[in-house]
Amino acid sequence: MESPPCVSIFLVLCVFIQSSIHGQSLGLDPVGRSRAVETKEALQETKTRFLLFEDETDKGCQIRLNHPDTLQRCGFNSSLPLVMIIHGWSVDRFLENWIWQMVAALKSGLAQPVNVGLADWLSLAYRHYTVAVRNARLVGREVAALIQWLEESAQFSRSNVHLIGYSLGAHVSGFAGSYISGKQKIGRITALDAAGPLFEGSSPSDRLSPDDANFVDAIHTFTREHVGLSVGIKQPIAHYDFYPNGGYFQPGCHLLELYKHITKHGLNAITQTFKCSHERSVHLFVDSLLHASQPSMAYQCSDMASFSQGLCLGCKRGRCNTLGYHIRQQRQGKSKRLFLATRAQSPFKVYHYQFKIQFINHLEKPVEPTFTMTLHGTKEENQKITITLDEEITSNKTYSFLITLDVDIGELIMIKFKWENGAVWTNVWNTVQTIIPWTRRPLYSGLVVKTIKVKAGETQQRMTFCSENMDGLQLHPTQEKTFVRCDMNSKKLKKKIR
Ligand SMILES: *[C@@H]1O[C@H](CO)[C@@H](O)[C@H](O)[C@H]1NC(C)=O
Ligand SMILES: *[C@@H]1O[C@H](CO)[C@@H](O)[C@H](O)[C@H]1NC(C)=O
């Protein structure tokens, strides 16, 4: 993740920072909670436009608070859930393209139909960032008012409401959840890279928190800091907080790739490309609707460093979950931080594996650790994965790391392992061989890979691989060694290979 598009991050953040500096004197909580309750009864109409979509190409039909006829006209079905999309801060007063992709995916990608709505608060979001932040509370109040009115006039239950908020819209959802009156909470809130500036580190009542709905999930995709600020909020704000690729920055969003994008789509693509990592949260969610049978798995982990070592692929006691719409809605008291790797484009799913390779180094010299592996599965084989360990192998050590595959290779049955250090190491090897001519063949000499242990995250299967023949335990530079399963009997294995 080196060479980030500093320029773009910088520009986006400049706007944020500038806004927040200006905002300081404005105060951040002019629309207080108590005032919101007072004015709730009086709310006759909303500044937010609420739209319903009847089919995937529909541009929306406006429903109006206290106008039951609009519900009927727009095809609201009170026996179905309501999924409402809430956009974020606007820099151009246009509804962003992802909204239509999300509407289409919700309309076409679900086995159970839902009412799909949009809270269009562009007139309040196309403001200075700080002003938009202030307006977020007002819009939250209007969303809450709409839901209460639906309960009163259409026998609709708030537990059937799912708010999906992007960026600042995530906090709008949180405010809606906390402003709604009564003990019952709304059903679910999904936060798509909830906005960071002016929310990071604030108290739970001033941002989205797990208290705001029966179930809250969040996807964090752009939390890389610049001058102490990040576009997306870093801290956990949900029952399940997903950090794809660590959450800082997303694959495919690097400057070079962005330049290609601009070449292809012209200068109009610039604002789009600035938001690449931020908006990735949306596309991961849309992907979960479009590829429901191939959900992306994520695993609870303390940090990205441990995740990259493959140490966190466990699923016991609810430690893993699926990202997106079809998440297992199991409530936890505390926020759980889940990590996953993704591809750079849809379908984003990858298959996670932990590889634990036990090396025994009998060479005098440390070994420069570059290897390649070819993985053979029951469905497919995966060509050449290069592994570079971050330290030299000096003596006996077991290395653990995360390997991700874009395709499902089925059950892993064979590994071809090659020590890649070319000419330099061939020479060293030959030197070793001449200096110490082996009199009786010792069982281990030179560099030996004893076992390769593999854990597959997606299937939770554990496997052990050993060298095909015991004679050939030493690795020779550039020579490929075959490792086969040694944790099951060969009959069973042959059956699987068939
Ligand atoms: C509302 O949804 C239910 C459940 O899918 C369906 O049976 C019913 O026909 C729908 N009502 C209308 C008016 O479309
Ligand atoms: C490494 O392991 C081998 C075989 O298990 C053993 O003979 C050797 O003493 C070990 N070396 C070190 C430095 O632990």
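The backbone N, Cα and C atoms fix where each Cβ goes, and this holds for glycine too.
The feature signal peptide is assigned by TrEMBL to 1-23. The feature active site, nucleophile is assigned by TrEMBL to SER167. Annotated active site, charge relay system per TrEMBL: ASP193, HIS278, in sequence order. The annotation Ca(2+) binding site is assigned in TrEMBL to ARG207, ASP212. Taken from TrEMBL, the feature domain 'PLAT' covers 351-485.
Neighbour counts were taken as the number of other C-beta atoms within 10 angstroms of each residue's C-beta; across the recorded positions ASP193, ASP212, the minimum falls on ASP212. ASP212 (Ca(2+) binding site) is 17 Å away from ASP193 (active site, charge relay system) when you measure Cα to Cα. If you take the C-beta of SER167 (active site, nucleophile) and look for same-chain residues 6 or more apart in sequence within under 8 angstroms, you find HIS87, GLY88, TRP89, LEU192, ASP193, ALA194, ALA195, VAL231, GLY232, HIS278. Across the domain 'PLAT' (351-485), mean pLDDT in this model comes to 77.
Under DSSP, the residue listed as 'active site, nucleophile' is assigned to coil, being neither helix nor strand in the three-state scheme.
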